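K.L.:
Copied straight from Swiss-Prot:
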type	residues	note
ACT_SITE	726	active site, charge relay system
ACT_SITE	803	active site, charge relay system
ACT_SITE	836	active site, charge relay system
COMPBIAS	19-28	compositional bias 'Low complexity'
COMPBIAS	33-46	compositional bias 'Basic and acidic residues'
CARBOHYD	354	N-linked glycosylation site
CARBOHYD	567	N-linked glycosylation site
CARBOHYD	785	N-linked glycosylation site
REGION	1-90	region 'Disordered'
REGION	689-715	region 'Disordered'
TOPO_DOM	1-98	topological domain 'Cytoplasmic'
TRANSMEM	99-119	transmembrane segment
């Protein structure tokens, strides 16, 4: 926490899309449109009478857009966040907190059996549990939510993101603001400078400091627009990026410059090669050197002169230095960096990735040319093809090892660990400097055995300090967790260095303090049982020996913030636990302040608060979303019901969204939203309206069975439909296949996995092991029973042609199997040049228009006519 965090392209925008949440879903929109059709054929008197009293709207919903990932397919303006993790991850899903085992179609079968029992017993009939009106079973008349509103962001709460930055002398409570309204382009400001709750400026607030005045600079006669910035620790220089070009989800290339704050001028990072694109650049803590990757080789630039020193020379298409390849970027680091400076600036640790044996997969672009290169003469009418090194299950993984560079001696070296995993069976999951040591977490290929290694960088020796067989603990696998270093401070009760990590304890994820560094037996800071820590520690206050974290202590669908002493005593809530709430928090570099984000169930708000670590109390509301509150009062939003359903003796959460004017005496069509992916939790108390997944501790997330959602008040199987995106698309098709039309008649699958042998090795083998070890599991999970799919009324499949994550191969292989079996009860829509998020050329709007219209036609019986087409004979 001693170095400034990189800020995003747009920091602290007042109408940020970064941390936004949807409040309406495809389902409710479809029901509204179905209601419109119904009104044409029914007398107005048959409609339920609106509620007699109007109440201020406070929605109990949990369908949120992922923070910092608005374009993610699982979390667009209609979908719930697929998981709750720190840091964010994706799905086929990349927000990975917890996981469940994919074992055949058994979890789907178990869910369907439970669903049938659930419907038969009519256990869905219960009272409303809506936060803003506990007695309400319907809403008073108002405006209807429209598809255009949701897609335009009409229902998205305004939220702000802070990039906390330590002062040059360790000052706490400083923010890095980029493009803030009415200010210079890049400013360091005390969080208290804008006043407290009474509107008065805080007397202790430090003066603002401008780092960059304008969003552009000149070099020679060329003007360059600044897109991203990274200040040095002493705040005298700023590393800036211009002309960014996206690579994969997190990675990009750009032209990099060193901007001098005093002179407000810039120079190229490599003065001898100003036009060469750089993949990654990182400051040291001394603010006098930058290490960067270019053309997959690592270089060092010391600011004392213009000289650039090559650290590696054999980088290229097969070897990567200091940056991850596709699968490590996507599944391990969730970012574009594999470079780590030591705190004293004397050493650099970096990953070497050898992709020599990794097979390639072609990504085709039929409309655009993402490379920016002009086609060869005569090839103008051919698609651009990009070959991606993509390890599918069972195929060779990239071989990775950790290298070190001694800045003073100029040599590169490795440190061997006795008993380490063989190179082809090793994954490096985490690297952290701890004074003169380096902590490295590695696992075997299938991630069920963990080793924690400790390297003495001066002696150039290392040893294993922990060896954990996760499979023996609960039959699960290793979860990637992020460690916080706790330096020794004998005067403050810490005689040795240590670290805080997330470990499995009392059937859940809990925080443990390991000290000294090589001690395998920790002090458990949190213990449960019945609740767990969400992700890793949020912050550590070294002065007061306090650890802050977010947990499920009040409820698995709530999140509150707590503090606890490093010795595991004096745990206290930081947020108000007397009300159902879902909180997130971002702490300042010294943990003296926090940006507290209330995310539901009422309309979200944000405020800056002092923490128990700060002797001076401070509070300032920065966002109330008053406009959204008024909008909610004027519109008809769904009525929500929360509850649990038992699957294999495990209680799983569900949320049922009822139409605004729900009448228990009527029958309604039902749409199930599936995600169900490993690590997913989408049933929460966040402000939003959509079906969600479940999480009830380690047992439910390690279970091979998963239930998601449940029906509204109906027992008519012909009115059941199901849909999902990515893993949810797989779950949708597997449900249709297993059910064979007995419960569900319609399904919509977007970017689905249809055979896990087509997906990447690191993600899939973590849950299913390799095909050699689990051949039956892979066969059973593949969508292959075309006869069963044909027994459904109709289903829809959509996919992006340039999907680098869930390859188009999944959908095309399924279509071939359907053709061979003569199955025709389906529709297909493909999107040229769209990746997994399906956004290219208006594609995302088309996705949701298609889902909405297709579902309306399904519930109106139109697909019955299509499936049994009759020629129109003229008389």
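Keep in mind that glycine also has a Cβ here, set from the backbone N, Cα and C atoms.
Give me the lay of the land around each of these features.
P.N.:
In the three-state DSSP scheme, residue 726 (active site, charge relay system) falls into the coil class.
Of all Cβ atoms in the protein chains displayed, 23 besides its own lie within 10 Å of the Cβ of residue 803 (active site, charge relay system). Reduced to three states, the DSSP call for residue 803 (active site, charge relay system) is coil.
Around the Cβ of residue 836 (active site, charge relay system), the number of neighbouring Cβ atoms within 10 Å comes to 26. According to its DSSP assignment, residue 836 (active site, charge relay system) is coil.
Residue 354 (N-linked glycosylation site) falls within a strand segment according to DSSP. Around residue 354 (N-linked glycosylation site), a 10 Å sphere centred on its CB holds 17 further CB atoms from the protein chains shown.
Cβ neighbour count for residue 567 (N-linked glycosylation site) (all protein chains, 10 Å cutoff from its Cβ): 11.
Taking Cβ-Cβ distances under 8 Å and a sequence gap of 6 or more within the same chain, the neighbours of residue 785 (N-linked glycosylation site) are 737, 740.
In the predicted model, the topological domain 'Cytoplasmic' (1-98) has a mean pLDDT of 36.
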K.L.:
Looking at the recorded positions 567, 726, 803, 836, which has the shortest Cα distance to residue 354 (N-linked glycosylation site)?
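P.N.:
Result for residue 354 (N-linked glycosylation site): the nearest of the recorded positions is 803.
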K.L.:
Cα within 10 Å of residue 726 (active site, charge relay system): which of the recorded positions 567, 803, 836 qualify?
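P.N.:
Hits: 836.
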K.L.:
Could you tell me the C-alpha distance between residue 803 (active site, charge relay system) and residue 836 (active site, charge relay system) in angstrom, no decimals?
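P.N.:
So the Cα of residue 836 (active site, charge relay system) lies 5 Å away from that of residue 803 (active site, charge relay system).
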K.L.:
Starting from the Cβ of residue 726 (active site, charge relay system), draw a 10 Å sphere and report how many other Cβ atoms land inside it.
P.N.:
29
K.L.:
Rounded to the nearest angstrom, how far is the Cα of residue 836 (active site, charge relay system) from the Cα of residue 567 (N-linked glycosylation site)?
P.N.:
45
